[in-house]
């Protein structure tokens, strides 16, 4: 497995090249310019301004209260700290309820620096993906455990277990790519299933709690640094600052572990 090093800003073609080369893609969240600079300088390829900010920054119990205004503010902050990494941004809860509404929400995010929009779920969201892609907006499709669906799921639970559920998730992944998604994010999915999906599709997959078979990995920065968000710590989280050191060192250690395949290991992985 090659280790991808990129001295140029990340782009959609660079993502496709990484998939072809078998080079692991490193992704982390950021919510302000200071941390964004650290990520950008220490091996992170994609920076995600996630609606997870609702839980780790604002102190909510879920991502549901996060607004488009919140996302625009934090995206603008992060964009000021990013030079090389690609900036991916969540559409918050119900901002993608229709194609037109999604475009309305995505536009101010793109104006302040977003380079790709992340959308949770499948089903009617396929129409949203197509609508945005037709308007030259790159889209990341977030499948598996989608935190905006926490009320329907009844909590934060592993998705895709069992033959029927696994088959449905594989079909959703293929449909998202057919709709035009440039990137897939798979959350809390059995590692075997995530590896199958990664083989199924032509675009890169980024895993969080989805095993080492994905094309890349993402974590919430606060989790990587062992910061207490007031919520139970998921199995897939590893504290890269547990033994001391600096934030920059922890980010570099994470990036290296993703690229050499040592993270995630079995301890941080779900099975069928």
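Each residue, glycine too, has its Cβ placed from N, Cα and C.
The model shown is predicted, which means the values in this text are computed figures rather than measured ones.
Under DSSP, residue 187 (active site, proton acceptor) is assigned to a strand (E or B) in the three-state scheme. Residues or ranges marked as active site, proton acceptor by Swiss-Prot: 187.
DSSP gives residue 90 (Mg(2+) binding site) a strand state. Per Swiss-Prot, the feature Mg(2+) binding site maps to 51, 90, 120.
As annotated by Swiss-Prot, 3-methyl-2-oxobutanoate binding site applies to 51, 52, 90, 118, with the evidence given as sequence analysis. In three-state terms derived from DSSP, residue 118 (3-methyl-2-oxobutanoate binding site) belongs to an extended strand segment.
All protein chains included, residue 52 (3-methyl-2-oxobutanoate binding site) registers 22 other Cβ atoms within 10 Å of its own Cβ. For residue 118 (3-methyl-2-oxobutanoate binding site), the Cβ neighbour count at a 10 Å cut-off comes to 23, with all displayed protein chains included.
Take the mean position of the Cβ atoms of 51, 52, 90, 118, the recorded 3-methyl-2-oxobutanoate site; other residues of that chain with a Cβ within 8 Å of it are 48, 49, 50, 53, 63, 66, 71, 89, 91, 92, 120, 142, 147. Distance from the CA of residue 118 (3-methyl-2-oxobutanoate binding site) to the CA of residue 51 (Mg(2+) binding site) is 10 Å. Of all the recorded positions listed (51, 90, 187), 187 has the fewest other CB atoms within 10 A of its CB.
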